[in-house]
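Colleague: Heads up, here are the entries from TrEMBL:
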type	residues	note
COILED	643-670	coiled coil
DOMAIN	53-307	domain 'EML-like first beta-propeller'
DOMAIN	328-592	domain 'EML-like second beta-propeller'
DOMAIN	719-979	domain 'EML-like first beta-propeller'
DOMAIN	998-1264	domain 'EML-like second beta-propeller'
DOMAIN	1412-1682	domain 'EML-like first beta-propeller'
DOMAIN	1702-1969	domain 'EML-like second beta-propeller'
REGION	605-632	region 'Disordered'
REGION	1271-1295	region 'Disordered'
REGION	1328-1348	region 'Disordered'
REPEAT	250-265	repeat 'WD'
REPEAT	330-354	repeat 'WD'
REPEAT	404-435	repeat 'WD'
REPEAT	896-935	repeat 'WD'
REPEAT	1231-1263	repeat 'WD'
REPEAT	1708-1736	repeat 'WD'
REPEAT	1935-1967	repeat 'WD'
Amino acid sequence: MADRTAPNCHLRLEWVYGYRGHQCRNNLYYTAAKEIVYFVAGVGVVYNTREHKQKFYLGHNDDIISLALHPERVLVATGQVGKEPYICVWDSYTVQTVSILKDTHTHGIACLAFDLDGQCLVSVGLDSKNTICVWDWRRGKVLAAAPGHTDRIFDISWDLYQPSKLVSCGVKHIKFWSLCGNALTPKRGVFGKTGDLQTILCLACARDEVTYSGALNGDIYVWKGINLIRTVQGAHGSGIFSMNACEEGFATGGRDGCVRLWDLNFKPITVIDLRETDQGYKGLSVRSVCWRGDHILVGTQDSEIFEVVVHDRTKPFLIMQGHCEGELWALAVHPTKPLAMTGSDDRSVRIWSLIDHALIARCNMEEPIRCAAVSTDGIHLALGMKDGSFTVLRVRDMTEVVHIKDRKEAIHELKYSPDGAHLAVGSNDNSVDIYGVVQRYKKVGECIGSTSFITHMDWSTDSKYLQTNDGNGKRLFYRMPSGKEVTNREELKLVQWSSWTCVLGPEVNGIWPKYSEINDINSVDANFNNQVLVTADDYGLVKLLRYPCVRKGAKFKKYLGHSAHITNARWSHDYQWVITIGGADHSVFQWKFVTDRKSKEALHIAPQETLGDSNSEESDSDQSDVPEMDSEIEQETHLTYRRQVYKEDLAQLKEQSKEKHRAVAIKKRERAPGSGLKLHFIHGYRGYDCRNNLFYTQTGEIVYHVAAVGVVYNRQQNTQRFYMGHDDDILCLAIHPLKDYVATGQVGRDSSIHIWDTEIMKPMSVLKGFHQLGVCALDFSADGKRLASVGLDDNHTIVLWDWRKGEKLSAIRGSKDKIFVIKVNPYCPDKLITAGIKHMKFWHKTGGGLIGRKGNMGKTETMMCAVYGWTEEMVFSGTCTGDICIWRDMFLVKTVKAHDGPVFSMHALEKGFVTGGKDGIVALWDNTFERCLKTYAIKRAVLAPGSKGLLLEDNPSIRAISLGHGYILVGTKNGEILEVDKSGPITLLVQGHMEGEVWGLATHPHLPLCATVSDDKTLRIWDLSPSHCMLAVRKLKKGGRCCCFSPEGKALAVGLNDGSFLIVNADTLEDLVSFHHRKDIISDIRFSPGAGKYLAVASGDSFVDIYNVMSSKRVGVCKGSLIYITHLDWDKRGKLLQVNTGAKEQLFFEAPRGKKQTIPATEVEKIDWSTWTCVLGTSCEGIWPVVSEVTEVTAACLSNDRKVLATGDDLGYVKLFRYPVKGKYAKFKRYVAHSTHVTNVRWTHDDGLLVTVGGGDTCLMIWTHEAEGHREARHCDSEESDIESEDDGGYDSDVTRENEINYTIKALSTNMRPMTGVKPHLQLKEPSVDERQGVVRGSRPPVSRALPQPEKLQTNNVGKKKRPIEDLVLDLVFGYRGNDCRNNVHYLNEGADIIYHTASVGIVLNLTTACQSFYIEHSDDILCLTINQHPKFPNVVATGQVGDTGDMSATSPSIHVWDAMNKQTLSVLRCFHSRGVCSVSFSATGKLLLSVGLDPEHTITIWKWQEGANVASRSGHIQRIFVAEFRPDSDTQFVSVGVKHVRFWTLAGRALLSKKGVMSNIEDARMQTMLSVAFGANNLTFTGTISGDVCVWKEHILVRVVAKAHTGPVFTMYTTLRDGLIVTGGKERPSKEGGALKLWDQELKRCRAFRLETGQIIDCVRSVCRGKGKILVGTRNAEIIEVGEKNAACNILVNGHMDGPIWGVGTHPTRDVFLSAAEDGTVRLWDIPEKKMLNKVNLGHPARTVAYSPEGDMVAIGMKNGEFIILLVTSLKIWGKKRDRRSPIQDIRFSPDSRYLAVGSSESAVDFYDLTLGPQLNRINCCRDIPSFVMQMDFSADSCYVQISTGAYKRLVYEVPSGKQATEQAVIDRITWATWTSVLGDEVVGIWSRNTDKADVTCACVSHSGLNIVTGDDFGMVKLFDFPCPEKFAKHKRFLGHSAHLTNIRFTSGDRFVISAGGDDRSLFVWRCVHAPH
């Protein structure tokens, strides 16, 4: 039998020929040690030119395509391609991995760059968004990520002179990025007129915000900030691929083959043209340059590396060469010399010296070369070409001998015969031609047996036979030289082959995996001397196998390096080396062959070697001498922990089901019962499939797990405490080194690990997000800071956590097979081991990854347990065959036989070890495993008298061992926990059923006992009194599913799974009688009540048999059920049976005969049932959940007082309902402790306890039943109901609006006005008169006889020299966002300033000076604001804004954290909350920030805002959450409130745990929509509701309701930190006693109300804040009011329009005051110098437009209803009013001579009124034929014309007052206008931008000087242009701040200010104009 192990020789990479120049750039550098670092294929190369040595970095598994050098020049970062590409940071000196960065990019990593101090690394992905990522690379953590660009990015660099700034460039773009928080924000470079917009290939940053970049056309573009300031033209002839900055200046390299050096100011120093040098050639293209001192490195497209010495630059040294781009297939080795020949599609053939590691000859051919061979004497080299020809050269001087073309298609293989006489040539034409060498290569034979192309050939040693392989996988033989096919295989028996390069044949069967039909092995070569075989395949693997390898799937050693397919592999002539060549990477690898090493040396090999050597795990054939797998392990490997339904999915399923059940929900449903359950004791321990899950705690209690519960057992008191945080099976448990915390891992789709405190039973941290299906092993590090875990996913992922922070430190795929144990090295927390099925691996952490090496033991056995020994290197593991393996580092030192059968458990002591095995023996060992000091056999004989039960069998399999307190603690497979005294006696502490489902459960009729029967074939009796022990056990022949006590308790009936049943004595468990009448399972069994005369036995055969107990005869059979019976109950008289079946039938039978009865539902309820354990019928209709498709209610039991029905279901829930449970979906209390299905529930005889059994979790749980009165509100209690009640305490318009508002980003806004027609910049211009007459503009004679063209605009300040306006500066904002935002007004600086927001501006208002200052970094509307109250962070503000999708791009929602005083941005947090951020809150220490999203999941996220790190995130609620706030004293507790929602949250590590508010303790309390939250001492929380009540919560339980704290919704609450007083604000009518603002004491018992003197009918307070003696109030009506606490005086600080849009703006002709008119029915007068509102007029109707008369003495106001009013300014009396139209007035204007009033309306009309005729205002004329509604109107200076802009994008001119249209262009061109507010007309075409396809320019105004025009648009931008601007897309400045839709814009007199009015934001912005200097 051939040896089936992997060969014990190995390969070591010695040299790589080549450099990757194609498709890569900037990948060649000098390290600090003056070595050269670059990459080729999948290998990082460090090349020492002085010693001509190479070192290799082999940490990648695919092509490397990017490289960056750390500023200290020792560390290197490389990025690769692939489906899950990763970045490695490695040390160029030791070539070891320092860090692995993964899990972010896809496709590949295109660029990398380190920042100045080397802390951060930036990477760019090859995905469609070209994602940019910034890493803290040492920790392997992403700091920020953002979509980079829509097209490829070629280069990225940090600005080394400014912190946190980057520049990236690529296809047609350059972007300048700033990093703040977790946000990368780009600004696009502006090419402007300085240079063409083109592709930028490379860049380098310099001082003073200067960036140099190389462009595709060979120019250098120089940028200052984001603007292109100059270009260096023709720096290179074509594209500049590389730019490198150094101390002296810059080096650039281009496609033109030149390298140029520039000084620091980018003045040219010199040019080096490599094409002109000796080694140069035409078409040389530079891809990479590196300049250090006087050396320059140059990498070329064709894989050469040149080194240039600056002072001798004409003679560059060629230090590395390789094949150019094109596939590389041809390889031959010289028969007598250490030479290798290669030929490639680049048409060159090259000869390499394997000793000197150099290219010694090169010759270019006419055709691509596909194969090569050297004649036996080494004189001729034959080359097969792609075109079907072959050429023979002389090796000596590369001259041609012959060139022969006999074939049309490529030659794939050629070989000389061993005697040198013939050459065989195999081609793609399916044939092999034989040529005679001596006859000058005359064709002498042909082999034509193949039906496919020839792939491989070998000659026999006597040159008489040839074997071939072809593409069909056929192996054929031919006689030589004739070429006749050999069909008789007999004559081949004795043939010896001179070489073996074929992939088919019995000798090489083993190279193919067992079950694969693929041909992915390209090349094979056998080394007959050493009996090894090398193979090369499509996956870039070189493998070493034994030769011959006859059986498929042989073991091998594999080597990575080549990235994609390896095309050929050959041994050198003396078998010293293997040469392999890569197809796509066109590189040549030379491997040193190292024969058998002694294991002694093995300990001293360089780490480099061990990396390359990886014994395969993939091989499918297990070695034949592996023993049979142990039955227990076999069983365990087949366990699957998958669930049909995971608890995580329930919420979603409920949502889906709810739609169907909405109707039902409206009915009044039964409340949950008043009494509750408390878990009291569990019989059970999970030993059958878990190990090492049993420990002593600090206090000597015992901690273990069973089902979904962590148990802490006190053995002195025999009591248990429970950790109930899990919701499914716990599979593993580890204890902290201090023994006070425990970590447990559970089953789940996204399974979690909880770390909890064994004293207080609360979670310290929850780890989630990395393990699928479940967690199967855990271990703490020795310092207790780290935790290692293993998942149950297919790759058994290993994760290393910083558990307190909840951060994943590293992760890696562990193994394909199950891992049983993970251990962290106690001496070095960066190292760990894992052991499992055929698996033993040693890992060490590198950044975000782990690097693993297999234990070196020939064949790996299955390991069941492992521990570290007394030094860092020593490891001991227990195998499945009973051996202990002793390891040093990763080498097996020796094995010791320890047990019969597997060693399941092992524990390290101070001075030795203790082990336990399947043989039931505990053994103590010395510290080297030399001597076994003592053994303990677990036997019944040595059981101590105080035991709490009985051992089921001797020597049970031991699964867990732990030591402490003088005892050995032992857990067994049978579910027993034993304590072994060192002197021998054994005490049994806890036990449960063994593996198998437990279904049968019965409680004793009058004693505290119960009986259980299980599939583990035992019947057990348990004591339910405080002694908690198992009293008796009996083994059965078969498993059982049901049992029942007789009414007097003497007998016990047991139904078995084979259809038989027994009746046994209840005390001794001995048989009384047994029957076997049925074949299927007995599913339920019941004695009749009273005397117990009859016994009903239900079976899976769908019958119920009735037996007479006394006579032991069957007296009746109940027939008629369709399917198996599930439940059965007797009535009190013993005359009637109720039966449930699997088909949900409810049937009734009469006893004893079994006659079927039909009973109507109303009667069933009247029958007095002796027991109720059925689950069907009207009286328990409500127990079935909404999601009953996926879960069954399996069991029920009615308490003896008939008040409470307990149920158990498939999801592991125990629920209590109030009986009878009528109506669907009743409310209930729910308890989770069982993991999967609860199979049975029973009350004890006095209802004091509920007993439940879990199916698969094998445990028996005992719950105490607590009556209503005496239980305090406790955690495990949860009231739930599957459907929320619809009533939520009322309706409020403000709440509804806030809930339904749809926020969209400005960039997506559409027209505000219903426009029609073609936009101005798309209209075709009419030719002017001159043009029509053929006069070309500008060709008129210079002295024109015509009149000079008049001014377009009458200018007012004629005397002064007119000055254009250069800039606008925001000076004032009138407005506050109160109508849909809350809690957004705060005091700053001890009340000196206040802060609030409107639109996208944060405003700080100083109360003494009334000056405003602004934060304007938000790109869109601010929705929420909060301040940091911690003294360490004074004046720190967080604001959240609207956004688009959460893809982390610039339009994503974001939170800005900023300093309110200097307006500096401290951090920007880009969120995944799509749509926007609606609430923010700082934690008590000020370091954490909580945010809530408007996305459909209403995600809640916690941030470390200073780092921009997302700590935790979770979906909050399906409906809107309004507010979430941290408790003022906490960094971990917070509360969220929203639509029918209040939740109490805890941050544990990185997990968010939440509890719903529980309301059932208060009669009639119901979940309402909650709007606000405040906090009190002792864990009190107050929430304000929509109905005006305030709920008071203790923990998460409702304890009190403050009814009608306000009459309307309580919108806002504020907790004062210094004295605990609480301010509330709501919606209320002001009255004597009540007000919308109240101040309360700390308990919310007493209050004082304040009245806001606003004059509103209803006050609606949206925001409150309390300072020293003052309360700050923000209202829905956009007022901010300060209220004095002592005198209740109100001072209005801020006014604004309460409803928008604000349509009308009118500026006074001479003073700095202006009017605004809005939808809220008011016209307000604002004073700019005084910074306040002077007056407001309530009109009672929405106003649309407002205008001053030319003297400023009158005001005209146009209304939405078509009316207009004229007021006198002095008295505010109405001078006149009129309503001639029924639709809105859009614009109103006085003529400059004050005579006429023009009124433009939506009825497509302009009406003229003559004011001289007095106030009756009769219309004198109107303009007709206006195509659409009127937008703006302007009078001419002489009052004779009016121009009108309309909704059809048409501008018209009419005569005044006749109303006739003026059509002659010549006339129109000569009009001088008094004002210009039109957005239409040739003069203003330039104000329309390119991207106004959906949105419009809405308003405009030309300055009084006539030199500028300002515009407002639907995107919310204010723009400043020169006037006139007739050219399209004119240059302008833009100013942001408004929300979408500006409605109006005006200059004030003297052009001092611009006023802009917002539509959506109801705000007025006042901008100061900055004039150009004279």
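Keep in mind that glycine also has a Cβ here, set from the backbone N, Cα and C atoms.
Automated prediction, rather than curation, is the source of TrEMBL annotations.
Describe the structural context of these features.
Modeller: Mean pLDDT for the coiled coil (643-670) in the predicted structure: 62.
Below 8 angstroms of C-beta separation, residues 17, 302, 321, 323-324, 360-378, 381, 383-384, 386, 393, 395, 398, 567-574, 576-577, 579, 581, 586, 588, 590 of the same chain, each at least six residues beyond the ends of the repeat 'WD' (330-354), sit close to that stretch.
Counting same-chain residues at least six beyond the ends of the repeat 'WD' (404-435), those with a Cβ under 8 angstroms from any Cβ of the stretch are 370-377, 380, 382, 384-392, 441-448, 450-463, 466, 468, 470, 478, 480-481, 483, 498-499.
Within its own chain, the repeat 'WD' (896-935) has Cβ neighbours under 8 Å at 630, 632-633, 691-692, 864-870, 876-884, 886, 954-963, 968, 970, 972, 980, counting only residues six or more beyond its boundaries.
For the repeat 'WD' (1231-1263), the number of residues in each DSSP class (helix H, G, I; strand E, B; coil) is 0 helix, 18 strand, 15 coil.
Sequence-remote contacts of a segment are chain residues at least 6 beyond its ends whose Cβ falls under 8 Å from one of its Cβ atoms, and for the repeat 'WD' (1708-1736) they are 1371-1372, 1374, 1410-1412, 1695, 1697-1702, 1742-1746, 1748, 1750-1752, 1755, 1757-1758, 1760, 1772, 1946, 1948-1949, 1952-1953, 1955, 1957, 1962, 1964, 1966.
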Colleague: Quick one: find which recorded stretch in 53-307, 328-592, 719-979, 998-1264, 1702-1969 has the most Cβ pairs under 8 Å with the domain 'EML-like first beta-propeller' (1412-1682).
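Modeller: Stretch with maximum Cβ contacts: 53-307.
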Colleague: Within the repeat 'WD' (1935-1967), how many residues are helix, strand or coil going by DSSP?
Modeller: 3 helix, 17 strand, 13 coil
